[in-house]
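Pulled from Swiss-Prot:
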type     : residues : note
SIGNAL   : 1-23     : signal peptide
CARBOHYD : 35       : N-linked glycosylation site
REPEAT   : 78-101   : repeat 'LRR 1'
REPEAT   : 103-125  : repeat 'LRR 2'
CARBOHYD : 125      : N-linked glycosylation site
REPEAT   : 127-149  : repeat 'LRR 3'
REPEAT   : 150-173  : repeat 'LRR 4'
REPEAT   : 175-197  : repeat 'LRR 5'
REPEAT   : 199-221  : repeat 'LRR 6'
REPEAT   : 223-244  : repeat 'LRR 7'
CARBOHYD : 232      : N-linked glycosylation site
REPEAT   : 245-268  : repeat 'LRR 8'
CARBOHYD : 271      : N-linked glycosylation site
DOMAIN   : 279-330  : domain 'LRRCT'
């Protein structure tokens, strides 16, 4: 008896193709049926932001276009708009007041544009925002006024910009924020006042910044933090920085300049994972203490084979986790 699997696969593919071809993407001035509330205008040849979106529109996507500016009235008359996707365009700035009269807007994607700055009160009337990706732009400064009315915000993406410092209390109104991505910027120093107010923060991504200094108690007021990435920074010392973070599930310290380290936390969560790879470790009694702590607390180590000794000379290039205690710490 011949298998019916190929015929079933063909049937499924045909059904999927039919469904795809039947899906019509509407963009003004093309008229849309009254039940259509989502509009997609993603033509690479589009140079001007479309006009004529109906008041019932709930989602508008104008992405992967040549659009470089929006008029201050571009989004007026859209009281039901919930999602606005403007990524992968050529936007350089936005007019103040652009997002007024959008009481239901919860998602605003401005990623992958050419934004160098934004008006101080650009998000003042966007108080319902939950998701705000500003990643992959050219922002060099953060203005605290941007975030003063975003009390509902949960996810903020500021990665892949040119931010050199975070103003004091910049995020202190973001009481509900759970995820903050500041990776691939130019931060050199971290201090407690930079992250004040982020009482519910669970995920903080700081990797690929030239961070050389972390002021004591920087992370002491973020007990809910479960993911912290400082990968690919320039850290040489992290003594005591993470002790209050008892709910940590992932701590990524890979690709730094660490030669030695005390156990990063006293009390660990049941499923803590740790990445120590890519550092120039000194394979001595201090490292043995760290690895003993890892084993005793059942810590999961990522990339064990890349935890390599840089010193002493007779251990250089050796995998630290494969060495016996009597070799590393013979005393």
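Indices start at 1 and increase along the chain as displayed.
Using N, Cα and C of the backbone, Cβ positions are placed for all residues, glycine too.
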Mean of the pLDDT scores, which run from 0 to 100, over the repeat 'LRR 2' (103-125): 98
Least surrounded among the glycosylation sites, given as 35, 232, when other CB atoms within 10 Å are counted: 35
Alpha-carbon distance [residue 125 (N-linked glycosylation site); residue 232 (N-linked glycosylation site)] in Å: 37
DSSP-assigned states of the repeat 'LRR 1' (78-101) in counts, ordered helix, strand, coil: 0 helix, 3 strand, 21 coil
Neighbour-count leader, CB within 10 A, glycosylation sites: 125, 271: 125
Non-local residues, at least 6 beyond the ends, that sit with Cβ under 8 Å of the repeat 'LRR 5' (175-197): 135, 151-169, 203-215, 217-222, 229
Per-state residue totals over the repeat 'LRR 4' (150-173) - DSSP helix, strand, coil: 0 helix, 3 strand, 21 coil
Cα separation, residue 271 (N-linked glycosylation site) to residue 35 (N-linked glycosylation site) (Å, whole number): 47
For the repeat 'LRR 3' (127-149), the number of residues DSSP places in helix, strand and coil: 4 helix, 3 strand, 16 coil
Distant-in-sequence neighbours of the repeat 'LRR 8' (245-268), which means Cβ under 8 A and at least six residues beyond its ends: 207, 219, 222-239, 274-282, 284, 286-287, 289-290, 293, 297, 299, 302-303, 306, 310-311
Whole-number Å value for how far residue 271 (N-linked glycosylation site) lies from residue 125 (N-linked glycosylation site) (Cα to Cα): 41
Helix, strand and coil counts within the repeat 'LRR 8' (245-268) (DSSP): 0 helix, 3 strand, 21 coil
Number of helical, extended and coil residues in the repeat 'LRR 7' (223-244), per DSSP: 0 helix, 3 strand, 19 coil
